[in-house]
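**Q** Mind looking over this structure? Questions follow.
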């Protein structure tokens, strides 16, 4: 019994081991045989071990292993049918495992094809649908299907059922199908236009067709073609599908086709309708008419379909003919007769049959209706009256009547006011961190005022019966299962609606959408940008969300916490105060109170998560506006007089904004007239003139504010009011106020003594008052009469000269009346002088000028007792005595210290009694001559003194005279420092005294000042004294004359020795006159040329060009562009600023001529017309008569085409062809011609202008000849040295002792020294030089010829990556100039040493940097875009016929050049890119600052320049080899800022990267230190980047945080993938240890990144340890439940979600939650497949983790074990698997015996025997398609799906041919 048990156990293990052994994917394969085609098929072992493949019949089947890389092991092999014998044969393919010797086999059977079959999903095609796939299958004579038909051609033919009908279907290639991709096996057929085993068929017309498939191979001509009948249908419906009509009425049917998911009406030519019962109805086209009561079907017929197919497939409709039974009425669409204004409705009047069916009413019958159309406006009424479409217009009630014959109906329609809901859309902020709830009031109007309110989501938004909505959003994620997305990807945080409806008709409603959106932008929508001190600024803040790529404003945001930043704290926020309604789009109003005067930039910001939203405005605070004058705040005036009013402060013009000051006034225009005074002042004032027009009182109001031309502005208005009294005069007062001193020696002295001024004037002050004793502020409109006398004597009026004036004072530029004065002129002193004044009347003349009508009578006073109007007497009188007064003519005098100089000051005023007093003696001597009344001042020494003069009679203050005795303290010269030769300019010498004031000069005594001039070089400049007219204080004029070109200095001086004063040297440049070039220019329309000049001042910074006739040509930056034919002149002026006059003046000018001619003919110019083969010469296009390429090359949008009659004789190219630049037709002004072979050739050039004009073609005929050479007895080429006349060259040999001399028969054309220096002369010809050593001689022939032409070639050390048509900007080229003779031969030396250097010219200068080098080379630096022509010439063209060559320079910006920016900072990594080939070498001019990889072009900035502006040059190319290269200029700045990408973040513990950026303070928009055009490509080339520019440090702010510091490693790193520097945290200990320390606490840390300079930045981190799941994977063997444990913080565990990957086969249940751990149970269902991939998904929102726990089934474990390699030592393997080996040996022996007994095959171990089983689990087969990914990832060991064919008994005895066939999937390599 024990032995049997042991045997069963061994047998079980052996069987288990055998099932898991390696297998071939197909143990038996059936392949077809062809005469001319070898069929391939791929076999594969599911173990990737090393196998040796062999075939038992190489004549039948050959096998080729598929090797991967350099390995000689193959787990795949391609078998090929080699036989052409069409009979059944069998071969065995063996796969032997090299190490273990295990052998696998596959039986391959070849046979002939007996029959074909077609497999397709349908036999019916529909129009407008995707094409159907049809596939051919082949079978042998036993019914077995061949595994593959790939590579076999088939004949597919479509035959139509009728010849007179259009084709029903067509073939569609996989390439042209938008629904399919081309199968790899059919690519060759698609390319050839033939068909393989699979095709696509597409329906194009309805009908039927037959598809015939046959084999074109002759060996299979006996195989019967198969035929398939296919129908093409259309998706057709009839509308209406069911209809009821009355007898005699009609209904029209529509035929609709479904195309692209839409119904379309189709043409009826192909389709027609047919009635089943013609007695009930008959058809006329698509219209059916009822004949008799009854019911019938209406069928749709297709003319393309056979009659046999019509009955079963045709669409139909049901038609009923009946009588009406009742009439119904309804209001559509709500079926409710209560509505509101503006609603559109249809009044439906319908007839119904007895069975309730609605009758379709045609045009034969009609229904009558009636209603009040003033309430309900009818816009459309159907012909039969069944539908009334209209609009509810007015409120009211109307009856609606309807009738049909004896049937009637009635309804009542109620119309209310239009229902409106505000706001219609509400956008509210979503901020989980908000602390305030949101309230929003909705308002409804209209209807019957009885509403019902609804909330679309009561949990989010609650609304009461009054429309008040309340919401408190914290986290809406639990409330919404799936969040909505906007078009731009923004997430909608929450969404609900508010609906208001009529209680009587809830379907009449208005809907408001409510969005809870995260904020995206903040904007100050409206604000008053100015206010007065202690007043307020109101900021209307709008916050916007982002929806569908547009900004949507919040409706309310009072719950948001806005923060304010002030640049100057002149305002403060106040929350209390009156409520201010926000403007449109604004959601909140901020109230700011002004506390100080000035301006401030206010930043309003709000933080949402990690984003700061802000907006900035400039605010201004000014002093409150006040009335500066009058102080009484009232104006009293008589009629006809005016007064100026001054307002101070208030709003002023703001020069830093585009603001406009707006002023407004208000007053009674009948009483007063007001006009504003316009003046320029820097003071903050405004002034107005108020004029009284009639008696009365009014208020004058003045308002002012600033206005901005933008929608966010609203005005802050300042306003003040003044009372204006227009009154009649009532009283007159006169005042004489001046008094004399008591000590006056005059005989009369009293309080009424008046001082007479120097003009004998006496002043009496006048004051007029009104009845209220208020002073009239202006009496200019009043007429005053005056009477004068002395004592009792009255003077005649003409005796006393007098006038009445109004004295004015000016306040801030505004005239104000201070007092009215009567001024008398008395020639003598008069005692007891009397003045009487009377206010007589108005000044009628003045009133008439002002169009004013005064009251009548004037000044009338109404007597209330008598009722009369009386004119009062208004007069007054004053008496006084008059005397003289004294004043000085000036209060300061400056006296120049010179011998004999006296300053005299006349004293013509005053009483003549003076007291003199000097503040200091010894400086000046003062004498007063009483007779002459002259004060004499004599200077004694330098100094300053005050003289006080006191008049003994005047009561005024003493007069003071300030006296300064001065000398010359400084000399300043003002003159132009550059003048033209022979020209004259003025020089102004300004003398400054010792007090730094301009000296008052007496030009009649210039010798007193001892001035002289010193000219350093009098041959250059002459200086002499000039005219002294029209000079300012302290100025002396000199004249400067230019003698000759040069520079010199001029110095002006005064005095001698130590007292000498000199001016600063004046540098004067005398320049040659300006001369413009070219002198005479000829252009064509559209061409351009640059004007340049010689001479003039150096440097010349202001050259102005003017074209006299701008319609002919224009000039810009010295470049003249021709526009029209004609002639003009160009004037060039050199402008300099004259410091004397302060204006720009022309110092030199010149004029050149310009002609614009028509371009009618062009000419090709070549230096040769006869050229030897192999030579190269230039060919250039010229315009006739003599328009050079410098002109034609600047034309834009021209086309030039070069053609060659015989390309085998010559070829053409441009000078940049060698570098890969192929110019296009517009740039081919000059080309190169290379002679290839002898012959005659014509080169033709055609040119088309920009306007499309095509010029006649130009051509040149060339003859290419072959040079004479010796070919026998051996080829010898006789070359001689070519030299030009008057040149020198050096001969060198390979032997140092060689001596050079002329041949004995020399003609003396050249001379030679012993060391080989050859000198040529003017004579042309040949000569012979002998080089001789001791035992050898060498003849050297030399030929002296003239140089015929020069040729410019590009030095070829450059190549572009791809062909280009323009030169990229930034390129540098090196050109070589070669000399050629009249045959094209190149001279064999350079001639620069003889003085024949180069010069160049450009059509447009200043855009190309050209440098002439040695050895006839020229370098170009092309740093700017240009369309230019370069002409290169010999400097000495003597004897050279064509001494110039032309190169077109078409330089444009290239996208392949990167970077384009030039400023970088330390730490940057730059991936340079250029259009040059990868072989180009990268280099840096300063490797210590910027190091660059010479191959990849990746650079790192290591340090920075200490001098700002210094450049580091990066080059790409061959600069070192004098080739072309590309140059980048870089300015390196110091990294003085380090900034983290986030200021705060959360991490789960194990690892974290805090990204940051290093930048300079000017790089505000820099967010990465990696600069690359292709970041991913650059990242792949970057290796580990060392980081030494900053250090990272972890900081713990709390005790718990400091405990964690030892658990983490912090280092600075560079993330290559992200392109960012970062501080990297890595946990050094276990996660369990971290949890033990943290427990349930939140830990806050900081990362600090600091540079060596001390600059740093910090980032706050919150540590929330992640969850941990155990076990990490689950193994399932017996479907028993298993537990899953999740550990972590409790707050994280509460939000953990655990879900199965496929709930069909297993479930996850929650068990319990403990402290720090949660437990879950997994339940597996009975049909759980053990061979598929499943997992448990654990998500933790708190820690942002997503963990997959893999579920491993027993079958999958077996597969993993089977995948192990068995290549270890044999002894170890035997000892390890001794039991298994013993069991395996028994099984193998038994299997061999069974196989030999059953199959009679020797020496082969049979594996994969299960493939011969024909029945498998159906459920397993159906599940396979649902797990394609799993199937591909782990290869299945079993291939046995069921076979779905028409014959249910057919089975695949060779395995399933469509499953995992590498040939079908296209994964195997191709074999020919």
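Each residue, glycine too, has its Cβ placed from N, Cα and C.
Whatever TrEMBL says is automated annotation, not expert-curated.
Keep in mind that this is a model prediction, so the values were computed, not measured.
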**Q** Which range is it, out of 1759-1777, 1778-1796, 1797-1815, 1816-1834, that shows up in TrEMBL as transmembrane segment?
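**A** Going through 1759-1777, 1778-1796, 1797-1815, 1816-1834 one by one, TrEMBL gives transmembrane segment for 1778-1796.
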**Q** Same chain, outside the domain 'NUP210 Ig-like' (1457-1501) by at least 6, Cβ under 8 Å from its Cβ: which residues?
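**A** That would be 1358-1362, 1364, 1368-1370, 1512-1520, 1525-1526, 1528-1535, 1558-1560, 1562-1563, 1566, 1569-1574, 1577-1578, 1581-1582, 1585, 1589-1590, 1614, 1619, 1621.
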**Q** What is the three-state DSSP composition of the domain 'NUP210 Ig-like' (234-324), stated as helix, strand and coil residue counts?
**A** 7 helix, 49 strand, 35 coil
**Q** Could you break down the residues of the domain 'NUP210 Ig-like' (22-111) into DSSP helix, strand and coil, giving a count for each?
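**A** So the counts come to 0 helix, 48 strand, 42 coil.
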**Q** With helix taken as DSSP H, G or I, strand as E or B and everything else coil, how many residues of the domain 'NUP210 Ig-like' (1345-1451) land in each class?
**A** 3 helix, 53 strand, 51 coil
**Q** Across the domain 'NUP210 Ig-like' (1159-1252), what does the pLDDT come to on average, as a whole number?
**A** 91
